[in-house]
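Undergrad: Just passing along the structure, written as structure tokens.
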């Protein structure tokens, strides 16, 4: 039998340390690495083994050498036994990994046995570092694909909203726990960072194009947009999108504390959610509402609280009517919004929003219901 790595166990009475060193030196062209130790404090722990050797449990075993060899190329066990002048059955194939065998020299992986000092090991390489590194790699082994996924989660390239675009169902099943931990790690990391976020307040009558403009802004910025739900938990389905559109936001959906945190540009604060805290990592928040900014904020604040701090955070104010869009920017000196520009409201034209003709309406009804209104009943 040919082996690339092997172990020899030889009684101390059959070979001396000097002889071992001589053999290793003579065969150094064939032997890549070696490590050996004398076990002279082992005891019988198994009653059957002790009886077979005429001993009792607790008696000290005969001193013996453990010799571990790694060759440059495979060697026949017959020749190896001849080198050490021992029987071939004392040359054995290492079961498991070489690193485990190396740690067994000092019984590091068998705490029930006598623990030998690592200084008692004689070797021509850093056996301990190799063994520990191999054990570490196995314990925390990750394939290249998992590593790629985790690094992309940490960098923000993969988020909860686009996770299905980046992994398949098999990867999700295999790596689900690791992926969940990676998202939690990123959340903890985000809490430490300064958030670079802007806030836009858009107001106007229903049908004026507020939501359309909000979506257009997000699209033009290449942001994935989360549009808030109609429930009291407006962030129920938020999954890390770069833009949050609080569409047709009602003042009773948020308390002062949560609104301040949501618009806070200094930290990635957690915002109260019905099921769990949501960490806002968005770069843009857009509020749309039919109410003016003063009426909206006055509904939220108590009489003794100022709305200035929230106006200051909503630096861009956009007012829309059927004809024009008014763009204003917060003036921190005069504490008011300055009108910067008035532009024609072409939102409906730009997005080709129009009413259907009678024929188009009939065609639509037929397409979804298979009802042909031009046929007699």
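Here the Cβ of each residue, glycine as well, is placed from N, Cα and C on the backbone.
Since we're looking at a predicted model, the values are computed, not measured.
Annotation comment: Swiss-Prot describes 204, 205, 206, 207, 208, 209, 210, 211 as ATP binding site.
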Undergrad: Which has the fewest other Cβ atoms within 10 Å: 206, 208, 211, the binding-site residues listed?
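TA: Lowest Cβ count within 10 Å among the binding-site residues (206, 208, 211) is 206.
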Undergrad: For the binding-site residues 204, 207, 209, which one has the sparsest Cβ surroundings, going by other Cβ atoms within 10 Å?
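TA: Ranked by other Cβ atoms within 10 Å, the binding-site residues 204, 207, 209 bottom out at 207.
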Undergrad: Including all protein chains shown, what's the count of other C-beta atoms within 10 A of the C-beta of residue 205 (ATP binding site)?
TA: 11
Undergrad: Within 10 Å of the Cβ of residue 210 (ATP binding site), how many other Cβ atoms can be counted across all chains shown?
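TA: There are 25 of them.
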Undergrad: Specify all same-chain residues, apart from the site residues 204, 205, 206, 207, 208, 209, 210, 211, whose Cβ lies within 8 angstroms of the center of the Cβ atoms of the ATP site, ordered by sequence.
TA: 212, 288, 290, 320
